[in-house]
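Input: a single structure, listed below in structure tokens.
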Amino acid sequence: MLKIGSHVSMSGKKMLLAASEEAVSYGATTFMIYTGAPQNTRRKPIEELNIEAGRKHMELNGIEEIIVHAPYIINVGNTTKPETFQLGVDFLRMEIERTSALGVAKQIVLHPGAHVGAGADAGIQQIIKGLNEVLTPEQTVNIALETMAGKGTECGRSFEEIAKIIDGVKYNEKLSVCFDTCHTHDAGYDIVNDFDGVLNEFDKIVGIDRLQVLHINDSKNVRGAGKDRHENIGFGHIGYKALHHIVHHPQLMHVPKILETPYVGEDKKDKKPPYKLEIEMLKNGNFDEGILEKIKAQ
């Protein structure tokens with residue numbers, strides 16, 4: 001079974017149940033959530049996440065596995081502000097606890113961190129230090145380091161940087177990788193014409209068995225732009241054909257594929273989620289040039 005879904009919202013009183021209902025309405029077989037707002041660390045207690053009802057709904061609809069994404073504000077790569085580093089460490093520990101409580105997520109996607117001017121090597125050493133403070137041999141969930149576009153002072157912009165982080169971490173069996181198509185393209189990898197070659201390079205440097213999550217996004221920018229701006233499937237510089245090939249790649253069939261493409265519409269207050277129609281289009285193998293108008297009309 002193709003594991004494909006999108007980022008969905010876990011909010012209100014229904015929490016996990018709301019997320020599962022939204023995912024099912026898109027025809028998804030997996031989904032990704034933030035356990036609270038991605039831009040802050042305010043979180044509801046575990047008992048208010050409505051886990052039991054959410055899991056029951058998932059089971060009834062054949063969803064076995066979901067992904068958690070850590071908030072953007074975590075930066076364990078920060079060498080200049082000890083309080084930012086410490087917040088990242090403490091919050092990651094909490095996220096591991098919350099994700100374990102969900103019982104249906106095995107991966108927490110994490111942007112590795114930004115070196116904020118200290119240089120990539122210093123940032124990577126700080127990320128290693130942070131992960132060594134967080135990871136334990138007993139934990140049942142992995143931290144999935146996301147491949148980054150190389151915007152600003154981001155670490156993890158190359159497979160070598162990801163491998164360096166993994167190699168420095170003591171309990172690195174608890175580390176995996178989230179391969180983001182937009183980020184990897186923006187970082188300079190030719191996933192359009194030679195995805196198999198890129199995957200082979202990833203396997204040599206990091207190990208393909210570490211690739212446990214895929215973020216499926218088109219890109220508004222040319223390859224190597226280092227920008228990180230997601231585009232709807234088939235309307236960017238990666239294109240439908242390449243993304244369809246990645247989604248159905250025989251070596252990655254077991255990997256959950258998560259869409260983080262932009263909502264569609266001119267009116268900021270009335271944008272529509274593209275996921276139902278994009279998932280359908282990636283399943284059926286035919287690019288629909290009129291899909292954006294259909295999304296707006298939903």
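Cβ coordinates are placed from backbone N, Cα and C, and glycine is handled just like the others.
Copied over from Swiss-Prot:
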type	residues	note
BINDING	His69, His111, Glu146	Zn(2+) 1 binding site
BINDING	Glu146, Asp180, His215, Glu260	Zn(2+) 2 binding site
BINDING	His183, Asp228, His230	Zn(2+) 3 binding site
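Counting only the Cα atoms, the space from Asp228 (Zn(2+) 3 binding site) to Asp180 (Zn(2+) 2 binding site) is about 10 angstrom. Across the structure, Asp180 (Zn(2+) 2 binding site) and His69 (Zn(2+) 1 binding site) are spaced 13 Å apart at their Cα atoms. In this structure, of the binding-site residues His69, His111, His215, His230, the smallest number of CB atoms within 10 A of the CB marks His230. According to its DSSP assignment, Glu146 (Zn(2+) 1 binding site) is in a strand.
The Cβ neighbour count for Asp180 (Zn(2+) 2 binding site), using a 10 Å radius and every protein chain shown, is 26.
Taking Cβ-Cβ distances under 8 Å and a sequence separation of 6 or more, the neighbours of Glu146 (Zn(2+) 1 binding site) in its chain are Val109, Leu110, His111, Pro112, Gly156, Val177, Cys178, Asp180, His183, His215. If you draw a 10 Å sphere around the CB of His183 (Zn(2+) 3 binding site), it holds 27 other CB atoms from the protein chains shown. Most Cβ neighbours within 10 Å among the binding-site residues Asp228, Glu260: this distinction goes to Asp228. Rounded to a whole number, the C-alpha distance linking Glu260 (Zn(2+) 2 binding site) with His230 (Zn(2+) 3 binding site) is 7 angstrom. Counting in whole angstrom, His230 (Zn(2+) 3 binding site) lies 17 from His69 (Zn(2+) 1 binding site) by their C-alpha atoms.
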